[in-house]
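What Swiss-Prot records for this protein:
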- C81: active site, nucleophile (ACT_SITE)
- H176: active site (ACT_SITE)
- E178: active site (ACT_SITE)
- S230, G231, G232, V233, D234, S235, S236: ATP binding site (BINDING)
- 4-202: domain 'Glutamine amidotransferase type-1' (DOMAIN)
- 203-395: domain 'GMPS ATP-PPase' (DOMAIN)
Amino acid sequence: MQQKILILDFGSQYTQLIARRIREANVYCELHSWDVSDAFIREFNPAGVILSGGPNSVYEDETPRAPQSVFELGVPVLGICYGMQTMAAQLGGSVENAAKREFGYAEIRAQGHSALLKGIQDKSNAEGHGLLDVWMSHGDKVTALPEGFKIIASNSATPIAGMADENRRFYAVQFHPEVTHTKQGKALLNRFVHDICGCDQSWNMPDYVETAVQRIREEVGCDEVILGLSGGVDSSVAAALIHRAIGDQLTCVFVDNGLLRLNEAEQVMETFGKNLGVKVIHVDASAKFLGDLSGVNDPEAKRKIIGREFVEVFQQEAAKLPQAKWLAQGTIYPDVIESAGAKTKKAHTIKSHHNVGGLPDTLKLKLLEPLRELFKDEVRELGIALGLPHDMVYRHPFPGPGLGVRILGEVKREYADLLRQADHIFIEELRSTKDADGKSWYDKTSQAFAVFLPVKSVGVMGDGRTYDYVVALRAVVTTDFMTAHWAELPYDLLGKVSNRIINEVRGINRVVYDISGKPPATIEWE
(Lines of atoms letter the chains of each structure in order from A and count residues from 1; the text may use other names and numbers.)
(Lines give C-alpha, C1' and ligand atoms only; values in the text may rest on other atoms or scores of the structure.)
Protein backbone atom coordinates (compact mmCIF):
# COMPACT_ATOMS: atom_id res chain seq x y z
CA MET A 1 0.00 0.00 0.00
CA GLN A 2 1.32 3.45 -0.95
CA GLN A 3 2.26 5.65 1.99
CA LYS A 4 0.75 9.09 1.66
CA ILE A 5 0.32 12.36 3.50
CA LEU A 6 -2.99 14.23 3.63
CA ILE A 7 -2.75 18.05 3.59
CA LEU A 8 -5.88 19.91 4.65
CA ASP A 9 -6.08 23.37 3.06
CA PHE A 10 -7.40 26.24 5.17
CA GLY A 11 -6.76 28.84 2.47
CA SER A 12 -3.17 30.01 2.95
CA GLN A 13 -1.33 31.49 -0.03
CA TYR A 14 1.46 29.03 0.81
CA THR A 15 -0.56 25.80 1.12
CA GLN A 16 0.61 24.19 -2.10
CA LEU A 17 4.20 24.83 -1.09
CA ILE A 18 3.65 22.26 1.64
CA ALA A 19 2.73 19.69 -1.00
CA ARG A 20 5.76 20.68 -3.04
CA ARG A 21 8.11 20.15 -0.09
CA ILE A 22 6.56 16.76 0.67
CA ARG A 23 6.96 15.68 -2.96
CA GLU A 24 10.58 16.84 -2.89
CA ALA A 25 10.98 14.40 -0.01
CA ASN A 26 9.76 11.68 -2.44
CA VAL A 27 6.58 11.09 -0.47
CA TYR A 28 3.18 11.04 -2.17
CA CYS A 29 0.70 13.59 -0.84
CA GLU A 30 -2.66 15.04 -1.73
CA LEU A 31 -4.12 18.42 -0.86
CA HIS A 32 -7.83 18.64 -0.01
CA SER A 33 -10.16 21.22 1.48
CA TRP A 34 -10.39 21.39 5.28
CA ASP A 35 -14.07 20.38 5.19
CA VAL A 36 -13.66 16.88 3.74
CA SER A 37 -15.78 14.23 5.42
CA ASP A 38 -14.63 11.90 8.17
CA ALA A 39 -15.42 9.01 5.82
CA PHE A 40 -13.07 10.44 3.18
CA ILE A 41 -10.24 10.81 5.67
CA ARG A 42 -10.58 7.25 6.92
CA GLU A 43 -10.75 5.88 3.38
CA PHE A 44 -7.70 7.96 2.40
CA ASN A 45 -5.84 6.23 5.22
CA PRO A 46 -2.98 8.74 5.54
CA ALA A 47 0.33 8.02 7.21
CA GLY A 48 0.15 11.56 8.57
CA VAL A 49 -1.89 14.77 8.31
CA ILE A 50 -0.75 18.37 7.86
CA LEU A 51 -3.05 21.30 8.67
CA SER A 52 -2.17 24.36 6.58
CA GLY A 53 -2.22 28.04 7.40
CA GLY A 54 -5.14 30.30 6.51
CA PRO A 55 -6.49 33.87 6.70
CA ASN A 56 -9.15 33.29 9.40
CA SER A 57 -9.16 33.67 13.19
CA VAL A 58 -10.25 30.60 15.16
CA TYR A 59 -12.08 32.64 17.80
CA GLU A 60 -14.48 34.14 15.25
CA ASP A 61 -17.83 32.53 14.43
CA GLU A 62 -18.06 29.88 11.70
CA THR A 63 -14.34 29.70 11.00
CA PRO A 64 -12.82 26.52 9.53
CA ARG A 65 -12.02 23.61 11.81
CA ALA A 66 -10.18 20.39 11.14
CA PRO A 67 -12.44 17.32 11.04
CA GLN A 68 -12.34 15.83 14.52
CA SER A 69 -11.45 12.45 13.06
CA VAL A 70 -8.00 13.85 12.21
CA PHE A 71 -7.17 13.72 15.92
CA GLU A 72 -8.68 10.23 16.34
CA LEU A 73 -6.84 8.37 13.56
CA GLY A 74 -3.81 7.58 15.65
CA VAL A 75 -1.44 9.07 13.05
CA PRO A 76 0.93 12.05 13.41
CA VAL A 77 -0.54 15.51 12.82
CA LEU A 78 1.40 18.72 12.04
CA GLY A 79 -0.31 22.11 12.32
CA ILE A 80 1.19 25.13 10.56
CA CYS A 81 0.22 28.72 11.52
CA TYR A 82 -3.61 28.65 11.43
CA GLY A 83 -3.29 24.87 11.55
CA MET A 84 -1.54 25.23 14.90
CA GLN A 85 -4.22 27.59 16.15
CA THR A 86 -7.15 25.36 15.19
CA MET A 87 -5.35 22.35 16.70
CA ALA A 88 -4.91 24.25 19.96
CA ALA A 89 -8.51 25.50 20.01
CA GLN A 90 -10.03 22.12 19.13
CA LEU A 91 -7.99 20.24 21.74
CA GLY A 92 -8.71 22.60 24.65
CA GLY A 93 -6.11 25.37 24.38
CA SER A 94 -6.64 29.11 23.87
CA VAL A 95 -5.99 31.42 20.92
CA GLU A 96 -6.12 35.23 21.05
CA ASN A 97 -5.40 38.19 18.83
CA ALA A 98 -1.72 39.06 19.12
CA ALA A 99 -0.92 42.53 20.43
CA LYS A 100 2.18 42.46 18.24
CA ARG A 101 1.80 40.85 14.83
CA GLU A 102 4.68 39.06 13.16
CA PHE A 103 5.12 39.27 9.39
CA GLY A 104 8.47 38.39 7.86
CA TYR A 105 11.72 37.06 9.25
CA ALA A 106 11.92 36.10 12.92
CA GLU A 107 14.29 34.19 15.15
CA ILE A 108 12.94 31.51 17.46
CA ARG A 109 14.51 29.32 20.11
CA ALA A 110 13.91 25.58 19.94
CA GLN A 111 13.34 24.01 23.34
CA GLY A 112 12.05 20.87 25.00
CA HIS A 113 14.02 18.39 22.86
CA SER A 114 11.02 17.50 20.71
CA ALA A 115 11.15 14.74 18.10
CA LEU A 116 10.23 17.36 15.50
CA LEU A 117 13.01 19.88 16.14
CA LYS A 118 15.76 17.90 17.86
CA GLY A 119 19.09 18.65 16.17
CA ILE A 120 17.54 21.12 13.72
CA GLN A 121 18.95 24.64 14.08
CA ASP A 122 20.62 27.47 12.17
CA LYS A 123 22.85 28.51 15.06
CA SER A 124 22.97 28.49 18.85
CA ASN A 125 23.03 31.22 21.48
CA ALA A 126 25.54 31.70 24.30
CA GLU A 127 23.62 29.25 26.49
CA GLY A 128 23.79 26.58 23.78
CA HIS A 129 20.11 26.73 22.84
CA GLY A 130 19.30 26.06 19.20
CA LEU A 131 18.04 29.03 17.19
CA LEU A 132 16.05 28.97 13.96
CA ASP A 133 15.56 31.69 11.34
CA VAL A 134 11.93 31.40 10.27
CA TRP A 135 9.19 33.16 8.30
CA MET A 136 6.21 34.38 10.32
CA SER A 137 2.85 35.57 8.97
CA HIS A 138 0.27 35.76 11.75
CA GLY A 139 -1.90 38.16 13.71
CA ASP A 140 -3.16 35.62 16.28
CA LYS A 141 -1.29 33.37 18.68
CA VAL A 142 -1.79 30.42 21.01
CA THR A 143 -1.89 31.69 24.60
CA ALA A 144 -2.65 28.46 26.50
CA LEU A 145 -1.57 24.91 25.66
CA PRO A 146 -4.03 22.03 25.35
CA GLU A 147 -3.65 19.27 27.92
CA GLY A 148 -0.70 17.00 27.20
CA PHE A 149 1.23 19.58 25.13
CA LYS A 150 4.56 21.26 25.83
CA ILE A 151 6.26 24.30 24.27
CA ILE A 152 8.91 23.35 21.68
CA ALA A 153 9.70 26.82 20.21
CA SER A 154 9.34 30.43 21.33
CA ASN A 155 10.49 34.01 21.01
CA SER A 156 9.64 37.24 22.79
CA ALA A 157 6.75 38.13 20.47
CA THR A 158 5.30 34.62 20.37
CA PRO A 159 6.00 32.68 23.58
CA ILE A 160 4.28 29.60 22.13
CA ALA A 161 5.79 29.45 18.62
CA GLY A 162 5.67 25.66 18.60
CA MET A 163 4.00 22.94 20.65
CA ALA A 164 3.94 19.16 20.82
CA ASP A 165 2.10 16.24 22.39
CA GLU A 166 4.77 13.59 21.94
CA ASN A 167 2.54 10.73 23.11
CA ARG A 168 -0.08 11.35 20.42
CA ARG A 169 2.54 12.62 17.92
CA PHE A 170 0.74 15.95 17.49
CA TYR A 171 3.06 18.83 16.53
CA ALA A 172 2.46 22.44 15.56
CA VAL A 173 4.50 25.51 14.64
CA GLN A 174 3.40 29.12 14.28
CA PHE A 175 5.92 29.81 11.52
CA HIS A 176 5.88 28.58 7.90
CA PRO A 177 8.39 25.76 7.27
CA GLU A 178 7.16 25.41 3.69
CA VAL A 179 8.59 28.73 2.44
CA THR A 180 12.24 29.03 1.44
CA HIS A 181 12.74 31.91 3.88
CA THR A 182 12.59 29.37 6.74
CA LYS A 183 16.08 27.96 6.25
CA GLN A 184 15.51 24.66 8.06
CA GLY A 185 11.91 24.29 6.89
CA LYS A 186 12.67 21.45 4.51
CA ALA A 187 14.55 19.58 7.25
CA LEU A 188 11.58 20.01 9.59
CA LEU A 189 9.09 18.67 7.05
CA ASN A 190 11.42 15.80 6.13
CA ARG A 191 11.68 14.95 9.83
CA PHE A 192 7.89 14.87 10.08
CA VAL A 193 7.13 12.71 7.03
CA HIS A 194 10.13 10.35 7.20
CA ASP A 195 10.98 9.94 10.89
CA ILE A 196 7.69 10.68 12.62
CA CYS A 197 5.20 9.40 10.01
CA GLY A 198 7.53 6.62 8.83
CA CYS A 199 7.13 7.27 5.08
CA ASP A 200 9.81 5.99 2.72
CA GLN A 201 11.06 7.78 -0.42
CA SER A 202 9.01 5.91 -3.01
CA TRP A 203 7.35 8.67 -5.08
CA ASN A 204 9.08 10.16 -8.15
CA MET A 205 8.38 11.98 -11.41
CA PRO A 206 8.39 8.90 -13.69
CA ASP A 207 5.63 7.48 -11.48
CA TYR A 208 3.77 10.77 -11.77
CA VAL A 209 4.00 10.66 -15.58
CA GLU A 210 2.45 7.20 -15.63
CA THR A 211 -0.33 8.29 -13.28
CA ALA A 212 -1.03 11.53 -15.18
CA VAL A 213 -1.12 9.78 -18.57
CA GLN A 214 -3.59 7.21 -17.26
CA ARG A 215 -5.74 9.94 -15.68
CA ILE A 216 -5.87 11.91 -18.95
CA ARG A 217 -6.85 8.81 -20.92
CA GLU A 218 -9.63 7.98 -18.48
CA GLU A 219 -10.92 11.56 -18.38
CA VAL A 220 -10.80 12.28 -22.12
CA GLY A 221 -11.68 8.89 -23.56
CA CYS A 222 -12.06 9.08 -27.34
CA ASP A 223 -12.76 12.84 -27.41
CA GLU A 224 -10.53 15.28 -29.23
CA VAL A 225 -8.67 17.96 -27.30
CA ILE A 226 -7.46 21.39 -28.34
CA LEU A 227 -4.68 23.13 -26.46
CA GLY A 228 -3.60 26.74 -26.49
CA LEU A 229 0.09 26.56 -27.30
CA SER A 230 2.16 29.63 -26.49
CA GLY A 231 5.62 28.09 -26.78
CA GLY A 232 6.27 28.71 -23.10
CA VAL A 233 7.31 26.01 -20.67
CA ASP A 234 3.88 25.31 -19.23
CA SER A 235 1.88 24.90 -22.42
CA SER A 236 4.76 22.98 -24.05
CA VAL A 237 4.95 20.44 -21.24
CA ALA A 238 1.15 20.17 -21.14
CA ALA A 239 1.15 19.49 -24.89
CA ALA A 240 3.84 16.81 -24.56
CA LEU A 241 2.04 15.12 -21.66
CA ILE A 242 -1.34 15.11 -23.37
CA HIS A 243 0.21 13.98 -26.67
CA ARG A 244 1.89 11.11 -24.78
CA ALA A 245 -1.54 10.12 -23.44
CA ILE A 246 -3.82 10.50 -26.47
CA GLY A 247 -1.61 11.13 -29.52
CA ASP A 248 -3.42 12.59 -32.53
CA GLN A 249 -6.57 13.25 -30.49
CA LEU A 250 -4.71 16.44 -29.52
CA THR A 251 -4.68 19.49 -31.77
CA CYS A 252 -2.67 22.51 -30.62
CA VAL A 253 -3.85 26.01 -31.46
CA PHE A 254 -1.12 28.62 -31.61
CA VAL A 255 -2.59 32.10 -31.38
CA ASP A 256 -0.51 35.07 -32.48
CA ASN A 257 -2.09 37.80 -30.39
CA GLY A 258 0.41 40.51 -31.32
CA LEU A 259 1.87 40.27 -27.81
CA LEU A 260 4.51 37.59 -28.37
CA ARG A 261 8.28 37.73 -28.05
CA LEU A 262 10.49 38.44 -31.07
CA ASN A 263 10.31 35.63 -33.70
CA GLU A 264 8.23 33.48 -31.35
CA ALA A 265 5.62 32.39 -33.89
CA GLU A 266 8.24 30.97 -36.23
CA GLN A 267 10.03 29.15 -33.40
CA VAL A 268 6.85 27.53 -32.10
CA MET A 269 5.76 26.23 -35.48
CA GLU A 270 9.25 24.87 -36.16
CA THR A 271 9.60 23.11 -32.80
CA PHE A 272 6.18 21.52 -32.48
CA GLY A 273 4.94 21.18 -36.02
CA LYS A 274 8.12 19.86 -37.63
CA ASN A 275 10.26 18.44 -34.85
CA LEU A 276 7.73 16.90 -32.44
CA GLY A 277 5.04 15.87 -34.89
CA VAL A 278 2.20 17.55 -33.01
CA LYS A 279 -0.77 18.88 -34.97
CA VAL A 280 -0.58 22.69 -34.72
CA ILE A 281 -2.99 25.27 -36.16
CA HIS A 282 -1.54 28.79 -36.50
CA VAL A 283 -4.10 31.57 -36.00
CA ASP A 284 -3.08 35.22 -36.52
CA ALA A 285 -5.50 37.18 -34.32
CA SER A 286 -3.19 40.10 -33.54
CA ALA A 287 -5.45 42.75 -35.08
CA LYS A 288 -8.44 41.57 -33.02
CA PHE A 289 -6.52 41.43 -29.73
CA LEU A 290 -4.88 44.83 -30.15
CA GLY A 291 -8.13 46.38 -31.31
CA ASP A 292 -10.04 45.16 -28.25
CA LEU A 293 -7.25 46.37 -25.94
CA SER A 294 -7.28 49.89 -27.40
CA GLY A 295 -8.08 52.46 -24.73
CA VAL A 296 -7.98 49.93 -21.86
CA ASN A 297 -5.64 50.86 -19.01
CA ASP A 298 -6.73 48.70 -16.07
CA PRO A 299 -4.57 45.56 -15.73
CA GLU A 300 -7.45 43.35 -14.61
CA ALA A 301 -9.56 44.51 -17.55
CA LYS A 302 -6.69 43.76 -19.93
CA ARG A 303 -6.28 40.25 -18.53
CA LYS A 304 -10.00 39.57 -18.84
CA ILE A 305 -10.06 40.81 -22.45
CA ILE A 306 -7.04 38.71 -23.40
CA GLY A 307 -8.53 35.66 -21.69
CA ARG A 308 -11.87 36.17 -23.41
CA GLU A 309 -10.25 36.51 -26.83
CA PHE A 310 -8.26 33.32 -26.31
CA VAL A 311 -11.40 31.42 -25.42
CA GLU A 312 -13.30 32.80 -28.42
CA VAL A 313 -10.50 31.75 -30.78
CA PHE A 314 -10.45 28.28 -29.27
CA GLN A 315 -14.22 27.99 -29.63
CA GLN A 316 -13.97 28.95 -33.30
CA GLU A 317 -11.26 26.36 -33.91
CA ALA A 318 -13.15 23.75 -31.91
CA ALA A 319 -16.14 24.22 -34.21
CA LYS A 320 -13.93 22.92 -37.01
CA LEU A 321 -13.17 19.79 -34.95
CA PRO A 322 -16.49 17.99 -34.45
CA GLN A 323 -15.06 15.58 -31.86
CA ALA A 324 -13.36 18.32 -29.78
CA LYS A 325 -14.85 18.33 -26.30
CA TRP A 326 -11.91 19.59 -24.24
CA LEU A 327 -9.89 22.80 -24.00
CA ALA A 328 -6.47 22.02 -22.49
CA GLN A 329 -4.38 24.68 -20.75
CA GLY A 330 -0.94 24.83 -19.18
CA THR A 331 -2.28 26.25 -15.92
CA ILE A 332 0.11 25.65 -13.01
CA TYR A 333 -0.48 26.16 -9.31
CA PRO A 334 0.94 29.69 -8.89
CA ASP A 335 -1.60 30.80 -11.54
CA VAL A 336 -4.37 29.22 -9.51
CA ILE A 337 -3.41 30.47 -6.09
CA GLU A 338 -2.76 34.08 -7.18
CA SER A 339 -6.29 34.10 -8.62
CA ALA A 340 -7.70 32.62 -5.39
CA GLY A 341 -8.64 29.61 -7.44
CA ALA A 342 -7.52 27.09 -4.87
CA LYS A 343 -9.97 24.39 -3.90
CA THR A 344 -11.05 26.18 -0.72
CA LYS A 345 -11.68 29.50 -2.55
CA LYS A 346 -10.35 31.13 0.64
CA ALA A 347 -7.00 32.52 -0.49
CA HIS A 348 -7.08 36.30 -0.90
CA THR A 349 -7.13 37.44 -4.54
CA ILE A 350 -3.92 39.10 -5.77
CA LYS A 351 -4.45 39.12 -9.53
CA SER A 352 -6.44 37.12 -12.05
CA HIS A 353 -4.81 34.92 -14.69
CA HIS A 354 -6.14 34.35 -18.17
CA ASN A 355 -6.08 30.60 -17.58
CA VAL A 356 -8.27 30.66 -14.48
CA GLY A 357 -10.11 33.96 -14.78
CA GLY A 358 -12.11 35.38 -17.66
CA LEU A 359 -13.61 32.07 -18.76
CA PRO A 360 -17.22 32.82 -19.77
CA ASP A 361 -20.24 30.78 -18.73
CA THR A 362 -20.89 30.10 -22.41
CA LEU A 363 -17.70 28.05 -22.76
CA LYS A 364 -18.82 24.89 -24.53
CA LEU A 365 -15.59 22.98 -23.92
CA LYS A 366 -14.63 21.16 -20.75
CA LEU A 367 -11.31 22.22 -19.20
CA LEU A 368 -8.32 19.89 -19.07
CA GLU A 369 -5.51 21.24 -16.87
CA PRO A 370 -3.03 18.41 -16.23
CA LEU A 371 -0.40 20.68 -14.61
CA ARG A 372 -2.81 22.52 -12.30
CA GLU A 373 -1.26 21.24 -9.06
CA LEU A 374 2.42 21.42 -10.08
CA PHE A 375 4.98 24.12 -9.39
CA LYS A 376 7.27 25.48 -12.07
CA ASP A 377 10.28 23.38 -11.05
CA GLU A 378 8.08 20.27 -11.05
CA VAL A 379 6.79 21.17 -14.51
CA ARG A 380 10.39 21.38 -15.76
CA GLU A 381 11.20 18.02 -14.17
CA LEU A 382 8.13 16.57 -15.86
CA GLY A 383 9.24 17.99 -19.21
CA ILE A 384 12.63 16.29 -18.93
CA ALA A 385 10.91 13.02 -17.96
CA LEU A 386 8.79 13.37 -21.12
CA GLY A 387 11.91 13.79 -23.26
CA LEU A 388 11.54 17.46 -24.18
CA PRO A 389 14.73 19.41 -25.11
CA HIS A 390 16.55 20.99 -22.17
CA ASP A 391 16.55 24.47 -23.74
CA MET A 392 12.78 24.35 -24.14
CA VAL A 393 12.10 23.03 -20.65
CA TYR A 394 14.37 25.56 -18.94
CA ARG A 395 13.17 28.56 -20.90
CA HIS A 396 12.04 31.36 -18.65
CA PRO A 397 8.28 31.51 -18.05
CA PHE A 398 6.19 33.82 -20.20
CA PRO A 399 2.75 34.96 -19.01
CA GLY A 400 -0.35 33.88 -20.88
CA PRO A 401 -1.35 37.49 -21.61
CA GLY A 402 2.15 37.97 -23.05
CA LEU A 403 3.46 41.50 -23.44
CA GLY A 404 -0.02 42.72 -22.51
CA VAL A 405 0.98 42.61 -18.84
CA ARG A 406 4.47 43.95 -19.52
CA ILE A 407 3.17 47.15 -21.11
CA LEU A 408 1.83 49.31 -18.31
CA GLY A 409 -1.51 50.91 -19.10
CA GLU A 410 -2.88 50.93 -22.64
CA VAL A 411 -1.45 48.40 -25.10
CA LYS A 412 -0.46 49.75 -28.50
CA ARG A 413 1.27 48.02 -31.40
CA GLU A 414 4.04 50.64 -31.25
CA TYR A 415 4.66 49.85 -27.58
CA ALA A 416 4.70 46.10 -28.25
CA ASP A 417 7.22 46.49 -31.07
CA LEU A 418 9.56 48.58 -28.90
CA LEU A 419 9.27 46.18 -25.97
CA ARG A 420 9.87 43.12 -28.17
CA GLN A 421 13.20 44.51 -29.33
CA ALA A 422 14.31 45.62 -25.86
CA ASP A 423 13.36 42.29 -24.30
CA HIS A 424 15.22 40.37 -27.02
CA ILE A 425 18.42 42.34 -26.36
CA PHE A 426 18.15 41.74 -22.60
CA ILE A 427 17.68 37.98 -22.99
CA GLU A 428 20.40 37.77 -25.65
CA GLU A 429 22.93 39.40 -23.32
CA LEU A 430 21.89 37.23 -20.37
CA ARG A 431 22.47 34.12 -22.49
CA SER A 432 25.87 35.24 -23.79
CA THR A 433 27.30 36.55 -20.50
CA LYS A 434 28.88 33.89 -18.28
CA ASP A 435 29.95 33.92 -14.64
CA ALA A 436 33.32 32.69 -13.38
CA ASP A 437 32.09 29.08 -13.52
CA GLY A 438 30.97 29.38 -17.14
CA LYS A 439 27.24 29.46 -16.36
CA SER A 440 25.15 32.00 -18.25
CA TRP A 441 23.24 34.65 -16.35
CA TYR A 442 20.13 33.46 -18.15
CA ASP A 443 20.51 30.08 -16.45
CA LYS A 444 21.40 31.73 -13.13
CA THR A 445 18.13 33.69 -13.09
CA SER A 446 14.66 32.16 -12.85
CA GLN A 447 12.83 34.79 -14.89
CA ALA A 448 13.99 37.89 -16.73
CA PHE A 449 12.21 40.33 -19.00
CA ALA A 450 11.74 43.96 -19.97
CA VAL A 451 8.75 46.12 -19.05
CA PHE A 452 7.50 49.05 -21.13
CA LEU A 453 6.69 52.19 -19.14
CA PRO A 454 4.31 54.56 -20.95
CA VAL A 455 6.16 57.66 -19.77
CA LYS A 456 8.74 59.75 -21.55
CA SER A 457 11.97 61.18 -20.22
CA VAL A 458 14.40 63.76 -21.54
CA GLY A 459 17.71 62.54 -22.93
CA VAL A 460 20.51 63.62 -25.20
CA MET A 461 22.00 61.77 -28.16
CA GLY A 462 24.79 63.43 -30.08
CA ASP A 463 24.01 67.14 -30.08
CA GLY A 464 20.25 66.63 -29.99
CA ARG A 465 17.63 66.45 -27.26
CA THR A 466 15.48 63.33 -27.08
CA TYR A 467 12.13 62.81 -25.41
CA ASP A 468 11.46 59.07 -25.53
CA TYR A 469 10.07 56.14 -23.58
CA VAL A 470 11.48 54.27 -20.58
CA VAL A 471 12.03 50.51 -20.23
CA ALA A 472 12.48 48.66 -16.92
CA LEU A 473 14.45 45.43 -16.67
CA ARG A 474 13.28 42.72 -14.26
CA ALA A 475 15.23 39.60 -13.23
CA VAL A 476 14.49 37.36 -10.25
CA VAL A 477 15.82 34.24 -8.56
CA THR A 478 13.33 31.78 -7.06
CA THR A 479 12.67 28.07 -6.65
CA ASP A 480 8.88 28.11 -6.57
CA PHE A 481 7.71 31.51 -7.91
CA MET A 482 5.66 32.05 -4.76
CA THR A 483 8.49 34.11 -3.27
CA ALA A 484 11.42 35.61 -5.18
CA HIS A 485 14.57 37.73 -4.76
CA TRP A 486 15.70 40.26 -7.35
CA ALA A 487 18.76 39.03 -9.24
CA GLU A 488 22.02 40.81 -8.44
CA LEU A 489 23.21 41.11 -12.04
CA PRO A 490 26.73 42.48 -12.65
CA TYR A 491 26.86 46.22 -13.30
CA ASP A 492 28.81 45.76 -16.51
CA LEU A 493 26.10 43.42 -17.84
CA LEU A 494 23.36 45.89 -16.96
CA GLY A 495 25.38 48.69 -18.52
CA LYS A 496 25.84 46.77 -21.76
CA VAL A 497 22.14 45.91 -21.97
CA SER A 498 21.16 49.52 -21.33
CA ASN A 499 23.61 50.83 -23.91
CA ARG A 500 22.41 48.39 -26.57
CA ILE A 501 18.72 49.09 -25.97
CA ILE A 502 19.15 52.87 -26.10
CA ASN A 503 21.30 52.70 -29.23
CA GLU A 504 19.45 49.95 -31.11
CA VAL A 505 15.80 50.57 -30.21
CA ARG A 506 14.78 53.94 -31.57
CA GLY A 507 12.13 55.38 -29.25
CA ILE A 508 13.71 54.37 -25.92
CA ASN A 509 16.21 56.64 -24.18
CA ARG A 510 16.26 55.39 -20.58
CA VAL A 511 16.61 51.96 -18.93
CA VAL A 512 16.03 51.23 -15.21
CA TYR A 513 16.44 48.03 -13.14
CA ASP A 514 13.76 46.71 -10.76
CA ILE A 515 15.15 45.63 -7.37
CA SER A 516 11.85 44.64 -5.72
CA GLY A 517 11.38 41.22 -4.12
CA LYS A 518 8.23 39.09 -3.97
CA PRO A 519 6.64 39.87 -1.61
CA PRO A 520 5.90 42.76 -1.48
CA ALA A 521 5.94 43.09 -5.29
CA THR A 522 4.71 40.43 -7.70
CA ILE A 523 7.13 39.19 -10.34
CA GLU A 524 5.16 40.65 -13.24
CA TRP A 525 4.38 44.35 -13.03
CA GLU A 526 0.71 43.83 -13.84
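Placement of Cβ uses the backbone N, Cα and C atoms for every residue, glycine included.
Ranking the recorded positions C81, V233 by C-beta neighbours within 10 Å puts C81 at the top. Other C-beta atoms found within 10 angstroms of the C-beta of E178 (active site) number 30, with every protein chain shown included. Nearest in space to S230 (ATP binding site), taking C-alpha to C-alpha distance over the active-site residues C81, H176, E178, is E178. Sequence-distant contacts (6 or more apart, same chain, Cβ under 8 Å) of H176 (active site) comprise Y14, G53, I80, C81, V134, W135, M136, S137, T182, G185. Predicted-model confidence for the domain 'GMPS ATP-PPase' (203-395) is 84, expressed as mean pLDDT. A straight line from the CA of G232 (ATP binding site) to the CA of E178 (active site) spans 27 Å.
The separation of D234 (ATP binding site) from E178 (active site), Cα to Cα, is 23 Å. Apart from S230, G231, G232, V233, D234, S235, S236, the residues listed for ATP, the same chain places the Cβ atoms of L229, V237, A238, G330, R395, F398 within 8 Å of the centroid of those Cβ atoms. In this view, D234 (ATP binding site) is surrounded by 23 other Cβ atoms within 10 Å of its Cβ, with every protein chain counted.
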